[in-house]
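As recorded in TrEMBL:
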type	residues	note
SIGNAL	1-31	signal peptide
DOMAIN	90-144	domain 'Kazal-like'
DOMAIN	184-219	domain 'EF-hand'
DOMAIN	259-347	domain 'Ig-like'
Amino acid sequence: VTCSWKRPMKTARWWSAAILLLGLAVPGADGRPNKEGFGLPPYRPVVRFRHKDGIPESLRIKGFVGHNGYPGPCEHKYCGLGRHCVVNHETGQGECKCLDHCKPHYKPVCGSDGKLYQNHCELHRASCLRGHRITITHSEECFYKDDNCRLSDYRRLKTKVLDLHDKRYMGSHLHGAHKDNMAARKQLVDMMLKRFDADNNGQIDASELSQVIKQEGLSKDFSECTLFDLLKYNDVNDDEHLTKDEFYTAFDVYLLTLPDDQKVSVTTVTVGQSAVLTCAITGERRPPIQWKRNHQYLNSLNLEDINDFGDDGSLYITKVTTTHMGNYTCHADGYEKLFQTHTLQVNGKRHIVFT
Ligand SMILES: *[C@@H]1O[C@H](CO)[C@@H](O)[C@H](O)[C@H]1NC(C)=O
């Protein structure tokens, strides 16, 4: 008996549910089949039912919900971190765009570009805007990165980095050679350039520097300066990359040349005339030219007769006398091994003899 009266109740409920469904299904205006193709017309009332107050504007902008309540072009589009899908109103398609802004909250992270970001979102957004990958580095490098790196500390850092690479990666017969041999130094710096430039595009960016810092364990050694300071001091054109030239400059590699036939140059001057001795050592970013006579630096002596060294480093003797005869040598500051010898010959005044 108990069973017999319970069943009709159930049936009655089922019927009322069916009527409700029919009521929803019948007034299908455009009767578009849904994605599964079951031909169940309009989807719209269900959506309306879910969002009683209409479709939230945020969902519409994001394209999760199309403008009639149909699934929007962004519904299943995942754009990745720092981006979101936006409906292009001309094409009706969903497009990935960089986030306009992040929710402001402060949970700083270090980016592989050596910068400190307010939070993860800001990092990914920056990465999107700049169009290159910035990863989160799990170290505190960038927290310490500030303006405390002085030039003297920076030089010390570079010397340490050179020595470290010299020890780790150069053949033992070359150890220390970079200190006074330009060819050896260039060899070492070329090797470093290759190691630093992980993606082999001929330039070094912050994320590559960050990798070197990690790989070589450099983050702990230097309290005030980090390898990122290479970008601060040596990124001359400010494009956030180090070119080969900038890298060479950073590590004092100068490709100086002196043609063999100019190793010795003879200049003959008459007493009372002026003389200009030009140093034939050339090279991009050539350090200042130093002149020596009898093992004495002339640049720092305040001589009255030899007081103009010109923009190009040439030696200028205002009024030559016989005391100026002899050898002068020039070299680029710091590279004494490559020098040019100028021999100055002085003729006595020619007397015109009347007969
Ligand atoms: C000057 O230099 C030339 C070339 O190196 C050398 O032959 C000559 O002996 C030098 N003269 C003096 C006085 O040092």
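Cβ from N, Cα, C; glycine included.
From a predicted model like this one, the values you see are computed outputs, not experimental measurements.
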Against which stretches of its own chain does the domain 'EF-hand' (184-219) lie, if we need a Cβ under 8 Å and a gap of at least six residues from its ends? 111-115, 132-135, 137, 139-141, 161-162, 164-166, 168-170, 174, 177-178, 226-228, 230-231, 240-244, 247-248, 251-253, 255
Need one number: mean pLDDT over the domain 'Ig-like' (259-347). 88
